[in-house]
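Q: Per TrEMBL, the feature domain 'ABC transmembrane type-1' maps to B:72-289. Annotated transmembrane segment per TrEMBL: B:21-41, B:76-97, B:109-130, B:161-184, B:216-236, B:268-290, in sequence order.
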Amino acid sequence: MIRRSLSRGVSLFLLIVGAMGILLPFIWMVSLAFKPRDEIFSADIDLLPTRLEWNNFVVAMTQTDVPLYLMNGLVVVLGILVFQILFTVPCAYALVQRRTRWRTVVFACVLAALLVPFHVTAIPIFLGFAEMGILNTYWALILPFIPTAFGIFLFRQFFSQMPKDLFDAARVDGMGEMEIVWRVAFPLALPAATAFAIFSVTAHWNDLFWPLIAITDPELATPPRGILYFRDQESGDDVGPLMAAALIITAPLVLAFLLAQRKFTQGLSAGGLKG
Amino acid sequence: MIRLSRNVRDGLTDFWLAGPATLAMIVFIFVPVLVVAVLSFTDYQFGARDFVWIGLGNYSKLFGSALGQKAITNTLLYVALVIPASVGLGLFVAIGLHRMLDWAPRLSHLLRTVYFLPVAATLVAMSVAWQMVLHPSLGVVNQFLTLLGGEPKSWLSDRGLVLYTLAVIGVWQTVGYNMILFLAGLTSIPPELYDAADVDGAGGGWSRFWTVTWPLLGPTTLFVLVVTATNAFRVFETVATLTKGGPAFASDTLVYALYREGFVYFKAGYSSAITMVFFAFLLVLTIAQFRIVERRVHYK
């Protein structure tokens, strides 16, 4: 009995110490975001501000381009998601429901595409976009992510578990294949779509690699790219507003995660299969 | 009106359904892979009108120069640091939280949320926060060290230290993810097996772990190892935000090097060779991952 409580006590202690370590940058970020200037530049350790300084947020939202970055992030992330779904769902449906000889070829393509990390394709896509003159546009940020082998794979798996009779019944009712995709298959695949949407939105809201390459115009910066513009402009003076900006950019996904934890962990761990 | 034969109509439907996605894969994935492979044998620079075939020149530059070697060894060292720490801690946290479900379920769920937080948070913004945590004079880490009578350290500008600092941030970011995968594995272990172990006299915590938990977690562990390795190989955000590969290339990694050579210095040919080497490493890992996933399915 004593041994058991002792071992529980030890593991509880270690887990809480670990959790504090995980929280450290979050706490420090929130604390600096709310600290008045003189408290930030003091040598004493004060984890919490003595009074809440909202002005840091006012500065971040009115005197910097942070609202613009958020807007750009939203446009890019939603644009990518909409096109991904439009392209991916019919293809996944065809891989399950259509019996043609092309099926194996397309599925082989999907598997091969799963092997290619985005970084590998960056140089040729950059070259092509430069040639077409579409660098520094929203399209440059959206187009490369439309093909998603992982999405096709995920939806295909989901569709293959649906009863075939369902689709046959829809055909008897005279529905065309495209109509079946959007009016029968897709609504039933909403759990897969949610998982995929969470994965896609998180990945592209957080991405830095491609925006760093495709965008040189600060007006088009996504949140991660934008906060680096902000940081590189301020000379170590505006720590409070900078941390407020970091907090504002991190907040949407963290809040969404806290509100829909189960869906988030499912969506993000499904993404692990993407490699 | 032309009546199309059934076969043609079916063919058109198939094309209409699967064509756009397939075409997008060809344009944005397969063609670029071929182009990058070809470019890696040239001296092409962005904006140049012409290029010269230089055979394996870019590769010998990468493997032969001190800078190229540095990018490779740094990446390997980073991966070697992150894998055991992130997988080990992930397993430890998962087992602790799984046991805690029996006597403090709410706390267990709360801690799980905390550990997963960095996975959902924007890494670049959090890196900016880490920069303040590790700030030489204003950072909480050095303030704490000074309080304890230690020497403040330059975590991000000390050549000998910087890669370890980045590895710690890498572990911080991935532990929660591995914990979730391990928790899923732990939940699928039938409790009867523990009862059987008790009957056989393997009732103590450690022997339960070695006789039941560890063997049954084998496939999960393998999967977690490979996923962690794949992600560690791609390290970019923290490097780009915190060190830009410096000081003196002490934290230069493959993906950062390919970004810098290609898109800062516009050496497309050399950058393509770095890309191909990075691709080769990841290809091996991803194929291993596929194999494991396949086996895990059979296992069930």
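Heads up, the Cβ atoms here are built off N, Cα and C, so glycines get one too.
Neighbours and distances for these, please.
A: Panel annotation: around the transmembrane segment (B:21-41), residues 53-59, 268-269, 272-273, 275-276, 279 of the same chain, lying at least six beyond its termini, place a Cβ under 8 Å from a Cβ of the stretch.
Remote same-chain partners of the transmembrane segment (B:76-97), defined as residues 6 or more beyond its termini with a Cβ less than 8 Å from a stretch Cβ, comprise 108, 111-112, 115, 163-164, 166-167, 170-171, 174-183, 185-186, 209, 213, 217, 221, 224-225, 228-229, 232-233, 235, 253.
Remote same-chain partners of the transmembrane segment (B:109-130), defined as residues 6 or more beyond its termini with a Cβ less than 8 Å from a stretch Cβ, comprise 93, 97, 100, 169, 172-177, 179-180, 183, 237-238, 240-242.
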Q: Checking distant contacts: for the transmembrane segment (B:161-184), what same-chain residues at least six beyond its ends satisfy Cβ-Cβ under 8 A?
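A: Same-chain residues near the transmembrane segment (B:161-184) but 6 or more away: 74, 77-78, 81-82, 85-87, 89-91, 93-95, 97-98, 112, 115-119, 123, 126-127, 130, 134, 153-155, 217, 220-221, 223-224, 227-228, 231-232, 235, 238-239, 242-243, 246-247, 250-251.
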Q: Same chain, outside the transmembrane segment (B:268-290) by at least 6, Cβ under 8 Å from its Cβ: which residues?
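A: Same-chain residues near the transmembrane segment (B:268-290) but 6 or more away: 33, 36-37, 39-46, 51, 54, 58-59, 61-62, 68, 71-72, 223, 226-227, 229-230, 233-234, 254-255, 257-259, 261-262.
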